[in-house]
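Peer 1: Here it is, the structure in full.
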């Protein structure tokens, strides 16, 4: 009996040092400038985009003075879409990038000489718009209907998580994510999933708000970001906090060089990036060989 009690007391002293980390605490991650448990971030980000969904495109126009349209055109031009491709646009709920890709493919198709052959390819073209937020997807579906896009089944709307995509290995020709990757909990998981679903020869492209290096421009940009953008959000969308988070999330995102390194570490080759407007945004790209 005495030996059993001694053993039990000895175990109770040792066990805390062997307690798994996940039982002691949850890992923290950034939500803007705040540190939050990892399991809470996706919910908090979801609340932000549920709040901004109905005004998302209008606010993009106001915040960027319409420049986001040119940035997205540049993104699509780097993709070089082709008829018959299977493309995945992640965090693309409102359809802005997907519509441009589909319109580019339609333009190529209309210029083709062999119409019958191209029509067959058009039937096979599928642009998957994947977003974790159903409210953003609903906005995109309405916009597609208004434009008469995707009626042939070429646009497929998917509610899904960028960190755990419901697509087969090597099934996608191209992958884009615009203004979305800084909102995820684990960037590395998103990049790993992008690599997994892409075919050999497939291209990864990411358009994201990034970091300005010129000191004079950075001072102006910081003022505009922290003073003007949240004020516009409050005035137009009645939501200052969501736009305060969006601004803070940009500053927490890795630098251009660091993000390029993460893409390389995921397995991509020929990784490069292009700064636009002095680094306000950057387009990163990589190929899967």
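Heads up, the Cβ atoms here are built off N, Cα and C, so glycines get one too.
TrEMBL annotations: computationally assigned, not manually curated.
Okay, so TrEMBL annotates it like this:
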- 94, 131, 161, 162: S-adenosyl-L-methionine binding site (BINDING)
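Tell me what's around each of these sites.
Peer 2: Taking Cβ-Cβ distances under 8 Å and a sequence gap of 6 or more within the same chain, the neighbours of residue 162 (S-adenosyl-L-methionine binding site) are 90, 91, 130, 132, 177, 180, 181, 184, 189, 190, 193.
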Peer 1: Give me the long-range Cβ neighbours of residue 131 (S-adenosyl-L-methionine binding site): same chain, 6+ apart, Cβ under 8 Å, in sequence order.
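Peer 2: The answer is 90, 91, 92, 93, 137, 140, 158, 159, 160.
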Peer 1: What's the number of neighbouring CB atoms sitting within 10 A of the CB on residue 161 (S-adenosyl-L-methionine binding site)?
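Peer 2: Residue 161 (S-adenosyl-L-methionine binding site) is surrounded by 17 other Cβ atoms within 10 Å.
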Peer 1: Once near-sequence residues are set aside, which residues in the chain of residue 94 (S-adenosyl-L-methionine binding site), 6 or more away, have Cβ atoms under 8 Å from its Cβ?
Peer 2: 53, 56, 57, 136, 139, 140, 143
